[in-house]
Each structure stands twice: as structure tokens, then as C-alpha cells.
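Enquirer: As annotated by TrEMBL, active site, proton acceptor applies to His209. Among the features that TrEMBL reports, NAD(+) binding site is placed at Gly40, Ala41, Ser42, Gly43, Gly44, Ile45, Gly46, Asp66, Asn126, Ile149, Ser150, Asn151, Met260. Here TrEMBL flags Arg113, Arg119, Asn151, Arg185 as substrate binding site. Residues or ranges marked as domain 'Lactate/malate dehydrogenase N-terminal' by TrEMBL: 35-177. What TrEMBL records for 179-343 is domain 'Lactate/malate dehydrogenase C-terminal'.
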Amino acid sequence: MFLSSKLLRASSVQVAMKAAASGSKQGGGGAGGKKVVVLGASGGIGQPLSLLLKESPLIGKLALYDIAHTPGVAADLSHINTISQVTGYLGPDQLKEALAGAHVVIIPAGVPRKPGMTRDDLFNTNASIVRDLADAIAKACPEALIGIISNPVNSTVPIASEVLKKRGVYDEHRVFGVTTLDVVRANAFVAEKKGLDPQQVNIPLIGGHAGVTILPVISQATPSVQFGADELDKLTKRIQDAGTEVVNAKAGAGSATLSMAYAGARFVFSLLKGLNGEKNVIECAYIKSDVTDASYFATPLLLGKKGWEKNFGLGKLSDYEKQLLEKALPELKASIKKGEDFVNSTYKMK
């Protein structure tokens, strides 16, 4: 099986597309563009994600890696008349070359979720994949920013972090769990309910990236919105269960691939803007954290030249949101421990 996968401003992708047409003034394109590597580029998320990345002037080199089909994906994308140069890499023997000189590595590699499966059901397969890819990153491009889409994110981010620690190259400011899809969904669902432009809506998402650990902070929405208690609870549960909504709608044919690709591209663009020195680039992401009792936690972050520069924390939560947080923490802690224990029991340095 080849590597496939499941993944604060909603206009980030469109902004990058407009910049592609007019030319970037922030160091993108040509020799000044950054190198981005997609690990799992042939999969259900990897292909549309790579297409979106190909359109960005912020990227000078786009390296696509998988264990099957990448030469074809790379050849297909290379025919698009945008500035980035696309190269495809196939199999473990070419992984080091794919990663060399990377500024950003995005990881949608793994198996997709099917009806009846939870994100934790993916653990055994995806945990090994993320462990091994993190080890390759530690050796080939230890200073790259790493965005992890592979589920269960609540565990795979600790897995990657533990591997980087064992290699002596861990920097908590450079490792991110990509929870952007939860933000995108919350923005879309709230906008639909209130008749708003979804590109102008921003809902902070905190916690993790699975079920009850996904905490939409609707009380901090921009613009401000109000919901009755029952409606708020239904909306929150829809955001938390949105991945399952897609899995069931696809009836066994896949999981959230297109929306995750969109969200993943948005997050990569934000990382690149931060690297290029653009000010006030803010995204929510799942990182090593001390804002709660959970050692990893998603919050809004200020992105910069070395990864995340400021953690904005929880902000003021409503009583309802405090209850959600209390419910989420035990599950989040268990997922983190599961990831850390996996590395400690299976990782062998080569």
C-alpha cells in the first residue's frame, strides 16, 4: 500500500493564488522560494495538497515523496506553468535526497479512515510511518518546520517529537500538528448558520484533533456570534464529528481528502509567510505546550522565522467551553502517552 492519508484566516489559499498571478513581494518564487517536501504525495490528501502548493509563489522547490506513483504525480504537476520546480522521489532509498535542504516538511502519509474506524484505529500503521519519517527528517533536515497531518495527530505529534529528541535535534517551536481543518470547518459551519461570508469568519480551535478533544471556541469568534445552548451544543458536536460525517458520506471510498488538502495548504502558506518575515501570521496548531495539564495542546500561535514565536493560550473561555476542556483533557493525555510509549518501546536508532 502506498502512503496515503486521512490531514486563522480562511482566505490564506486564495491570497497565495492571487500572489501567484501578480508576483510575490515577500521572497517567493525563483531562487528566493522555499523548498517544501510532501511526504505521502501520491495519496488522497497528498495529490490535491501538492496541486495547491504548486500554485504558490512562496515555493521555489516542491519535492514529492511516496513509496509508489510519485514520478507520475510529479510529471503531471510539472506541466503547470507556475514558478516552483517539482521533483518526485520514490521509495526509502530516495527519502534522504527528497528531504535535503527542506524548509518545510508536510506529512499526510498513512492510511485513510474508513466507516466505523476511529482515528485511534489507525494508530498501529500510521505510528510506524510517522516514527520512521521523523527519523529521516532528523538526519536530513533537522531545522525544517514539520507539519503533521497523519492521524491520530494527538499521538503522532508526540511520536515525531520523541524521535527528534532521541536524535538530539528537537525544537518544540518547529513541530506542528495540523489542526487547520477543524478551524476551516468551524468557520464554514458558523458562517452557514449565521449567513456570513465564511472567509471573514474566524473561530479559534483549541485542544486536539479527534472527537471530544476538538474544542471550537465560538465565544471568541470574529465577528461575534451568539447561539442558544442547544444550538451551540449541536454545532460543537458537528465540528467535533465532521471527519466522521465525511467518512460516512463517502461510504467506504475514503475520508476527508479535499478539505484536508485545502487546510494543509493554508497551513503551509502560513508557515512560509512566517519564515519570510511577514508580520502577524496567526494559525491554530497542536504543539508542545504548558497552557494546560496536557503536554501537547492546540492553541492560536504567532508564526515567525523559526517556527511559532508566541502561544496565545486559551483566552477567556465560556462556562460551556470550560466543561468541554475538562472532558477533553483525560483523552488527550492518554493519546499523548500512547504516542510517547510507542516510541520508547519500538524506536531503534540506526
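The backbone N, Cα and C atoms fix where each Cβ goes, and this holds for glycine too.
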Enquirer: Write down the Cα-Cα distance for the residue listed as 'active site, proton acceptor' and Gly44 (NAD(+) binding site), rounded and given in Å.
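Expert: The Cα atom of Gly44 (NAD(+) binding site) is 19 Å away from the Cα atom of the residue listed as 'active site, proton acceptor'.
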Enquirer: So how many other Cβ atoms are close to His209 (active site, proton acceptor), meaning within 10 Å of its Cβ?
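Expert: So the Cβ neighbour count for His209 (active site, proton acceptor) comes to 29.
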Enquirer: How do the residues of the domain 'Lactate/malate dehydrogenase N-terminal' (35-177) split into helix, strand and coil according to DSSP?
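Expert: Breakdown, helix to coil: 65 helix, 31 strand, 47 coil.
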Enquirer: Would you mind reading off the Cα separation of Ser42 (NAD(+) binding site) from Arg185 (substrate binding site), to the nearest angstrom?
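Expert: Approximately 24 Å lies between the Cα of Ser42 (NAD(+) binding site) and that of Arg185 (substrate binding site).
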Enquirer: Quick check on the binding-site residues: of Gly44, Gly46, whose CB has the lowest count of neighbouring CB atoms inside 10 Å?
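Expert: So among Gly44, Gly46, the binding-site residues given, the one with the fewest Cβ atoms within 10 Å is Gly44.
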Enquirer: Taking the Cα atoms as reference points, how far is Asn151 (substrate binding site) from His209 (active site, proton acceptor) in Å?
Expert: 9
Enquirer: Cα-Cα, whole number of Å: Arg185 (substrate binding site) versus Gly40 (NAD(+) binding site)?
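Expert: About 23 Å separate the Cα atoms of these two residues.
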Enquirer: What whole-number distance in angstrom separates the two most remote CA atoms of the NAD(+)-binding residues Gly40, Ala41, Ser42, Gly43, Gly44, Ile45, Gly46, Asp66, Asn126, Ile149, Ser150, Asn151, Met260?
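Expert: Taking every pair of listed residues, the largest Cα separation comes to 18 Å.
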Enquirer: Using the alpha carbons only, what distance in Å do you get between Gly46 (NAD(+) binding site) and the residue listed as 'active site, proton acceptor' once rounded?
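Expert: With distance taken Cα to Cα, the residue listed as 'active site, proton acceptor' is 19 Å from Gly46 (NAD(+) binding site).
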Enquirer: Give the distance between the Cα atoms of Gly40 (NAD(+) binding site) and His209 (active site, proton acceptor), rounded to the nearest whole Å.
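Expert: The Cα atom of Gly40 (NAD(+) binding site) is 20 Å away from the Cα atom of His209 (active site, proton acceptor).
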Enquirer: Given the model, what does the mean pLDDT over the domain 'Lactate/malate dehydrogenase N-terminal' (35-177) come out as?
Expert: 95
Enquirer: May I ask for the distance between Met260 (NAD(+) binding site) and His209 (active site, proton acceptor), taken between their Cα atoms and rounded to an integer number of Å?
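Expert: If we compare the Cα positions of Met260 (NAD(+) binding site) and His209 (active site, proton acceptor), the gap is 12 Å.
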Enquirer: Counting across all protein chains present, how many other Cβ atoms fall within 10 Å of the Cβ of Ser150 (NAD(+) binding site)?
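Expert: Around the Cβ of Ser150 (NAD(+) binding site), 31 other Cβ atoms lie within 10 Å.
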Enquirer: Near Met260 (NAD(+) binding site), how many other Cβ atoms are within 10 Å of its Cβ?
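Expert: Met260 (NAD(+) binding site): 26 neighbouring Cβ atoms within 10 Å.
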Enquirer: Rounded to a whole number, how many Å is the Cα of Ser150 (NAD(+) binding site) away from the Cα of His209 (active site, proton acceptor)?
Expert: 11
